[in-house]
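Peer 1: Mind having a look at this structure? Questions to follow.
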Ligand code: NCD
């Protein structure tokens with residue numbers, strides 16, 4: 001099928017302008033009311049495919065819930081590496097060409113950087129990137145930014161610490177690109193030495209004039225930020241167990257660290273956590289990560305709505 005330029009693909013976070021973000025946040029707010037009212041039927045008869053080549057709980061289920069809340073239906077495979085024809089040697093491009101004939105929208109998570117762009121190049125329906133290897137995770141970054149806006153009242157002027165695996169963690173790449181749309185943002189990139197924020201992200205931030213600092217010292221920074229964005233060390237992406245061991249366990253958000261943070265600061269995490277936020281933190285009102293995961297539903301409803309309307 002011919003590629004249509006007008007399709008609303010979400011491939012990376014750089015594609016969003018400030019005004020588009022503001023529109024999306026307003027649409028997500030409206031979706032909160034839709035959910036409270038029990039959902040609606042605006043996309044009845046439309047079909048969304050979820051094609052996941054990597055593990056997922058929140059991203060896939062919130063997309064599926066979002067489509068159901070809007071009256072649509074979902075088909076898909078949650079273990080596409082084994083249960084789709086990829087295992088028989090089918091190319092990603094052929095798989096996408098086929099799915100284009102079966103559904104109105106594709107949500108895809110893949111192991112390779114750039115896979116969503118490859119899919120979009122041959123797709124006749126919108127493609128939403130639900131994570132491409134160590135590349136990007138734009139819909140996560142959108143829900144992260146939406147959460148910050150809700151919790152902190154806006155994004156201009158904020159200081160944000162991104163902590164943990166900044167090399168393989170795709171969410172921090174996309175979140176950096178989103179934050180570059182806002183004024184006077186200051187980012188602290190805090191990581192073990194072997195998993196720093198990639199040069200490509202720093203170049204982009206330099207181009208956009210965003211202030212950032214790289215450091216390994218979380219304790220020194222914790223007391224001055226509005227948002228502490230903790231991440232999991234991406235064990236599955238390390239070249240060797242030794243490299244993983246070098247990065248693991250260095251930054252734990254616990255009650256002691258929380259005591260250094262400001263009263264009005266928040267803690268975010270894309271989840272799943274693997275020990276880097278102690279459970280004792282959950283009861284602290286500044287622990288916003290479960291509210292953040294809930295916001296994923298509203299953002300994804302707004303994205304699905306936008307993609308299906310543009311078609
Ligand atoms: C993240 C991901 O898949 O990149 N999870 C998510 O989508 N919420 C983060 C992670 O796996 O650590």
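Placed from the backbone N, Cα and C atoms, the Cβ positions cover glycine too.
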Peer 1: Using only what TrEMBL says about carbamoyl phosphate binding by 58, 59, 137, 140, 271, 272, identify which of 29, 36, 109, 306 is listed for that site too.
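Peer 2: Same carbamoyl phosphate site in TrEMBL: 109.
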Peer 1: Of the residues in the domain 'Aspartate/ornithine carbamoyltransferase Asp/Orn-binding' (156-304), how many are helix, strand and coil by DSSP?
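Peer 2: Helix/strand/coil tally for the domain 'Aspartate/ornithine carbamoyltransferase Asp/Orn-binding' (156-304): 60 helix, 25 strand, 64 coil.
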Peer 1: Please report the Cα separation of residue 137 (carbamoyl phosphate binding site) and residue 170 (L-aspartate binding site) in Å, rounded to an integer.
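Peer 2: On Cα coordinates alone, these residues lie 6 Å apart.
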Peer 1: Quick one: give me the count of other CB atoms within 10 A of the CB of residue 137 (carbamoyl phosphate binding site).
Peer 2: 27
Peer 1: Please work out the number of neighbouring Cβ atoms within 10 Å of the Cβ of residue 170 (L-aspartate binding site), leaving out its own Cβ.
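Peer 2: For residue 170 (L-aspartate binding site), the 10 Å Cβ neighbour count is 25.
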Peer 1: Identify which of the binding-site residues 58, 109, 232 has its Cβ surrounded by the largest number of other Cβ atoms within 10 Å, counting every protein chain shown.
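Peer 2: Buried the deepest by this measure is 109.
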Peer 1: Is it possible to get the count of other C-beta atoms within 10 angstroms of the C-beta of residue 140 (carbamoyl phosphate binding site)?
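Peer 2: Taking every protein chain into account, the count is 26.
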